[in-house]
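*Asks:* Sharing a structure, written as structure tokens. Questions coming.
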Amino acid sequence: MRRGPRVALVLGLLRIYLAQANFAPHFFDNGVGSTNGNMALFSLPEDTPVGSHVYTLNGTDPEGDPISYHISFDPSTRSVFSVDPNFGNITLVEELDREREDEIEAIISISDGLNLVAEKVVILVTDANDEAPRFIQEPYIIRVPENIPAGSSIFKVQAEDKDTGSGGSVTYSLQNLHSSKFSMDRHSGVLRLQAGATLDYEKSRAHYITVIAKDGGGRLRGADMVFSATTTVTINVEDVQDTAPIFVGTPYYGYVYEDTLPGSEVLTVVAIDGDRGKPNHILYRLLNESDGIFEINETSGAISVLQSPALLRREVYELHVQVTEVNSPGSPAAQATVPVTIRIVDLNNHPPTFYGESGPQNKFELSMFEHPPQGEILRGLKITVNDSDQGANAKFNLRLVGPGGIFRVVPQTVLNEAQVTIIVENSAAIDFEKSKLLTFKLLAIEVNTPEKFSSTADIVIQLLDTNDNVPKFTSHYYIARIPENAPGGSNVVAVTAVDPDTGPWGKVHYSIYGTGSDLFLIHPSTGLIYTQPWASLDAEGTSRYNFYVKAEDMDGRYSLAEVFVTLLDVNDHYPQFVQSVQEKTMVLGTPLKIEATDQDAEEPNNLVDYSITRAEPVNVFDIDAHTGEIRLKNSIRSLEALHNITPSGDYSWSLQVQAKDRGSPSFSTTALLKIDITDTERLSRGSMAAFLIQTKDNPMKAVGVLAGVMAIVVAITVLISTATFWRNKKSNKVLPVRRVLRRRPSPAPHTVRIEWLKFRRAKAATKFILKEDSPNENCNNSRVGVMVPPRAPALPPPPKMASSMVAQQTVPTVSGSLTPQPSPQLPTPKTLGGPVQSSLVSELKQKFEKKSLDNKAYI
């Protein structure tokens, strides 16, 4: 029952680890007019047919994993697009209408199965000429006095077109071209009485004029379309009466476009005499000062602009025009005033522009330390953005284009001008070791204009390093092997740690410590480990060392690695004969065995081969080269055969045996073995000797007999002790018995000088004749005094001899001797010719030599 949650927890942790090790996919940025990328700066005409393929999302995954695309919309809005998750093809599924919705917000995302990256995009809906002009404030019925001056403004019609650009610009014209009394300004829609034309109340009290409003045309579904609308203006002619001047066509609104030339006429104020009789002349003048920007014609009432509108800072100017009737002298002049509103119409002819401290600038650079605090402002960037247009034409958005989520820009929407502030969003992503240079584009794009003017500025951030990294070894452990006879100061292994930081922070200092580091040193700068100058390595004493190395930077940040050093055995020991026996007796058909040991640590240096180097006579004995067993030749099957081999006819033999190891160079030792040969019939004279000979091939029988004897001795001892105890108890006296056991001192070793003996005829029991410093028949004093080659420190004493070997030593008839004689040639110690090859160091698999590690623990 408990295994399920544990498995789920392990799978969850594994999934988190894999997600952290997996880098997120990202979109490709697209430029203006591109239909492939992340939909930045993407716009779509409103007349695009439903079902059209309008865009292709395009991105990539750093690991090359399969990616999928998605698009979503706010629940309160329409789902205008659909996307193919595999290929990123975006299809229009809802009809567009710019007049109702001029931009569409959507969230596009890209996923590699583990990571999901989402971006919010704004798709701009561009205009198509799908709207016709529409007259406002209909019907148009006006009253005009009959004495209105020729060229005067009579009325102003107004039509609007919801389209933008040329499709939203309206021009006016008259349909009844046969009528020559009236004309219309094609841009302003002002209806005027043509020059030279007059109105006559008596002849015609009303005039009907058809006005056509036509847009500038535009593209609609692939074709050029022009829409128009018509209306009728009814002009009722009034009889002139004796009244004050009357303004015609009020209210007065004038529009001056930004590209209008100085001196151009803006509008005409028309005032007439209200009298029905003979009209008086009207004079016009401006009551308020216009700062020299506008002037009015005294007689016609035409208002003109004197300065370039592009230089004007105000958007609206309010003027007051006064008209005065020119009467006969002495008559009071009738006057009237009217307000005139003139609006400066801004043309969207300025894109947003970035400014630095010295003027317009499209590249801004900054140096800063890595990992700044979250929310910190990049105060080194002095950026101002400005759009010289007015009103809606000067409204634009700001955004950063580049690696997402690192910085954000404030403000995001600007009207005319703003100071740009860039704030840190993701401090961890600002990493000197990952990227020394961060590059972004600061994008300013207009919001509510059909042109969508935009500009960009490059933001280049040069990162400065800080000590934010720990030195790391290239491996968690290092393994080296060096010969045991390497001289002091020999190179062992070079460890390497890397600190990604730069300058002093990236310098690594190495040190060494641990229980196995006494014999080693490390170079603090290079990481080279070498032996102490006085170090003497011995594989037979300690063959393996392990210790730790430390890599530390100047601020104390450090990491550790473990070093394993294995000493390679060198053949620096002679074989040594184990048994110190002078004589032996060989029973016909039973081999003798000699044994020598080599204290080298590894094969083949400690493997010993045996051979007979000298014998008199020859061709009597054979020796097994691997086990050291000595046998008679197969042709010798009886004592009589032996008796006839030599002139002396005896059964005593002398052999010189050599023990030679398999190392390179090879060392050897010789020993002299004296053998008496007998048979089982002669051994039957001694019961103990016969028993030992019989049980030689069955040692368990000897052990059983020995155990029985010991049991009997113990039983007798217990009985005697019990009887003594009860006797003393009856006499109320217990006498302690104290036995002092002393170990017999071992006899001092002495040198035995053995001469080669001539064989002579004797009885079978006759011994060899020896010449020695002090005659001794039972001790091994046959060691020849020659110089011993240098060798490693002594190993612990060898294990005790097996019981079978002891049994052989106790045979009463043993009369042979074994005399080790080392080879006169001394070994030449091996030295390292150079540093240990790095290929040996890199053999990491040596750490896993489990068989060796299980058998030999590190010291």
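From the backbone N, Cα and C atoms, a Cβ is placed for every residue, glycine too.
Since this is a predicted model, take the numbers as computed values, not measurements.
What Swiss-Prot records for this protein is below:
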| type | residues | note |
| --- | --- | --- |
| COMPBIAS | 805-816 | compositional bias 'Polar residues' |
| DOMAIN | 36-135 | domain 'Cadherin 1' |
| DOMAIN | 136-247 | domain 'Cadherin 2' |
| DOMAIN | 248-354 | domain 'Cadherin 3' |
| DOMAIN | 360-473 | domain 'Cadherin 4' |
| DOMAIN | 474-577 | domain 'Cadherin 5' |
| DOMAIN | 569-691 | domain 'Cadherin 6' |
| CARBOHYD | ASN58 | N-linked glycosylation site |
| CARBOHYD | ASN89 | N-linked glycosylation site |
| CARBOHYD | ASN288 | N-linked glycosylation site |
| SIGNAL | 1-21 | signal peptide |
| TOPO_DOM | 22-701 | topological domain 'Extracellular' |
| TOPO_DOM | 723-859 | topological domain 'Cytoplasmic' |
| TRANSMEM | 702-722 | transmembrane segment |
*Asks:* Tell me which of the glycosylation sites ASN58, ASN89, ASN288 sits in the most Cβ-dense spot, judged by other Cβ atoms within 10 Å.
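*Replies:* Ranked by Cβ atoms within 10 Å, first place goes to ASN58.
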*Asks:* Determine, to the nearest whole angstrom, how far the Cα atom of ASN58 (N-linked glycosylation site) is from the Cα atom of ASN89 (N-linked glycosylation site).
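*Replies:* Between the Cα atoms of ASN58 (N-linked glycosylation site) and ASN89 (N-linked glycosylation site), the distance comes to 9 Å.
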*Asks:* Which of 36-135, 360-473, 474-577 shares the most C-beta pairs under 8 angstroms with the domain 'Cadherin 3' (248-354)?
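*Replies:* Looking at each of 36-135, 360-473, 474-577 in turn, the most contacts to the domain 'Cadherin 3' (248-354) are made by 360-473.
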*Asks:* Which secondary structure state does DSSP assign to ASN58 (N-linked glycosylation site), in the simple three-class scheme?
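*Replies:* Coil, per DSSP.
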*Asks:* For the C-alpha pair, I'd like the distance in angstrom between ASN288 (N-linked glycosylation site) and ASN89 (N-linked glycosylation site), rounded off.
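*Replies:* Cα of ASN288 (N-linked glycosylation site) to Cα of ASN89 (N-linked glycosylation site) measures 63 Å after rounding.
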*Asks:* Can you see whether DSSP assigns ASN89 (N-linked glycosylation site) to helix, strand or coil?
*Replies:* strand
